[in-house]
Amino acid sequence: MSDNLRSRIVTQGSQRTPNRAMLRAVGFGDNDFIKPIVGVANGYSTITPCNMGLNDLALRAEAGLKSAGAMPQMFGTITISDGISMGTEGMKYSLVSREVIADSIETACNGQSMDGVIAIGGCDKNMPGAMIAIARMNIPAIFVYGGTIKPGHYQGEDLTVVSAFEAVGKYSAGKIDDNELLAIERNACPGAGSCGGMFTANTMSSAFEAMGMSLPYSSTMAAEDAEKADSTEQSAFVLVEAIRKQILPSQILTRKAFENAIAVIMAVGGSTNAVLHLLAIANTMGVELTIDDFETIRKKVPVLCDLKPSGRYVTVNLHQAGGIPQVMKMLLNHGLLHGDALTISGQTIAEVLQDIPDEPPANQDVIRPWNNPVYPEGHLAILKGNLAAEGAVAKISGVKKPKMTGPARVFESEEACLDAILAGKISAGDVVIVRYEGPKGGPGMREMLAPTSAIIGAGLGDSVGLITDGRFSGGTYGLVVGHVAPEAFVGGTIALVNEGDSVTIDAEKRLLQLNVSDEELATRRAHWTPPKPRYQRGILGKYAKLVSSSSLGAVTDVELF
């Protein structure tokens, strides 16, 4: 059977003479029209260090595809730099870009009848955007992560971009001077690669490796190391074989694969954004997955890796300690992974992990032994209560007190909140509420890294809570609760909180509660009026109109008709 199952529609027969004529102009020869055409979705961009090394990887992917007997066709996808847009109106486009990336890959691959695709991405939304497209198309596909940045260094300490965000809070609190602030800025990001802790990009790449959609070890490699380029070329060979065997995403992205991904995310201390993105991918793939599934798995899986933002190490250290395969082998041995789940190579998870040691190396403490975890349970807790009937996500790693009750400090935007923190107007015991930053209300669920980093930098990380219908960066830690649903814009209870109201965050009881009577809430709800959309044209206007609740993954194609 021919391997060009889809592309033959544009390459075979006399009627396709004009099609072949154009393909000859881009490098096809007489013998190439029976080969599978494989897309190379290249996220290269000089917008961000996360993506600036991707073109070299795309060229290696092209070379690998040609050597394996396929015809590559490269096309570009966009990216937004979360780190650069953070704290600005531009961050509203970040989650939107996930949908644009998905739409663009789907459009290019289906429009050109490609037989498969190798997607190469770096910054946060590149990963879920690509995987949503892969799930929509259900053609053989593999994801290549651009790799992590190496840590910066200053005064004997490893730095990440989060160090720079926290330095702003320290500077505002008078803890560091101009010279130290500038030194941290100059040293935080030393080269190419995605943000170096177990932030969102590294979390999602780890999840994809756990799901079998990326090659072993590839999710923790440094962007600038030769092994990353070698792994990319190997990914091309694996993909062509998957095309020949017709190994499809629907065979890999099963319920078992999602449960494996959640277990790994808990074990490595991953980002809250993984909840949103995995829900979106599952929704697209038609896999039943709810926000409650994260809580079920959280209770079973310990945090095994001592990684930033709340821990000591960065992702290259995890790679040196055995990477995601080592973590997965430990989970498999304790019955917390589905070993029979399929991977893109055609092997099962158990077969991939067969030769991995049962325990991590003794001469490191990045990956902790099973009997001495960083935390006995997972760190991403799903909270519910009258403030979040559909659920909210709390990241409780690095938190000394997982519960608090305090007066609400209410802000209608991230900017207003940050100004108050930097002006010293937030005190220990306060519960900060940032609302109208949800999928529809923002729109786009901006990440609150600037406010949370300012809180940490001011020394209030253990004594101030923050609740939002927006999101958090993977670099955030502290007593923070995001993804509150229903969001304020659609009349969720978070819209009804008044300044000074008593609010409870209790991660132990998984409770998020506004401590006012039902009668008072009913009165406030009766007087609440929906705000006008902030944008009524352009992509933000379209997004706000189409996007679903964060509890469903904030996807834009649910119940379109």
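Indices start at 1 and increase along the chain as displayed.
Using the three backbone atoms N, Cα and C, a Cβ is placed for every residue, glycine included.
Here's what Swiss-Prot has on this protein:
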- C50, C123, C195: [2Fe-2S] cluster binding site (BINDING)
- D82, D124, K125, E447: Mg(2+) binding site (BINDING)
- K125: N6-carboxylysine (MOD_RES)
- S473: active site, proton acceptor (ACT_SITE)
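DSSP classifies the residue listed as 'active site, proton acceptor' as coil under the three-state reduction.
Around S473 (active site, proton acceptor), taking its Cβ as the centre, 30 other Cβ atoms fall within 10 Å, counting all chains. For the [2Fe-2S] cluster site, the Cβ centre of C50, C123, C195 serves as reference, and the other residues of the chain with Cβ at most 8 Å from it are T48, P49, N51, S81, D82, G83, G122, D124, I149, G193, S194, A201. Counting other C-beta atoms within 10 Å of each candidate's C-beta, the binding-site residues D124, K125 are led by D124. C123 ([2Fe-2S] cluster binding site) falls outside any helix or strand according to DSSP and counts as coil. Summary of the Mg(2+) site environment: with the site residues D82, D124, K125, E447 set aside, the chain residues having Cβ atoms within 8 Å of the Cβ mean position are I80, M91, S94, L95, C123, T200, A201, N273, S473. When secondary structure is read from DSSP and collapsed to three states, E447 (Mg(2+) binding site) falls in the strand class. The local packing around C123 ([2Fe-2S] cluster binding site), expressed as other Cβ atoms within 10 Å of its Cβ over all shown chains, amounts to 29. There are 31 other Cβ atoms within 10 Å of the Cβ belonging to C195 ([2Fe-2S] cluster binding site).
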